[in-house]
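Taken from TrEMBL as is:
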type: REPEAT; residues: 4-39; note: repeat 'WD'
type: REPEAT; residues: 53-85; note: repeat 'WD'
type: REGION; residues: 95-135; note: region 'Disordered'
type: COMPBIAS; residues: 114-126; note: compositional bias 'Low complexity'
């Protein structure tokens, strides 16, 4: 490929994203060179364009899309799996743990008012089972 973001070593996996837009194609690729690339084609005869998601320090073995094609799972040689999502502003890919990092965590609902009785009831000893009946 003539793309400056083309893989420089063995390609280990390729995954075609589910398409929600007709004639818009998206493929993820990963390789021995540690690169994860997203290749997009805006129309059937349009050229493919590659964007570097991340340059990992280890080879990347697998890429897999979510059912909707919005999240990319990446399995790398450092024994980790990371999830990536396309940024809304500039189209760069960000790790899911960073996505929405500026947003506060949703508050957990308070426990039910009778939760103390649930705990105390669950900690009570149960009677042993009755002995078996001989037939």
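Each residue's number is its place along the chain shown, starting with 1.
Keep in mind that glycine also has a Cβ here, set from the backbone N, Cα and C atoms.
Caution: TrEMBL annotation is automatic and unverified by curators.
Note that the structure is a prediction, hence the values are computed from the model and not measured.
Taking Cβ pairs closer than 8 Å, the repeat 'WD' (53-85) reaches residues 12-20, 26, 28-38, 93-97, 99 in its own chain, all 6 or more past its ends. In terms of DSSP secondary structure, the repeat 'WD' (53-85) contains 0 helix, 21 strand, 12 coil. Each residue of the repeat 'WD' (4-39) gets a DSSP state, and the totals for helix, strand and coil are 0 helix, 18 strand, 18 coil. Along the repeat 'WD' (4-39), the predicted structure has mean pLDDT 89.
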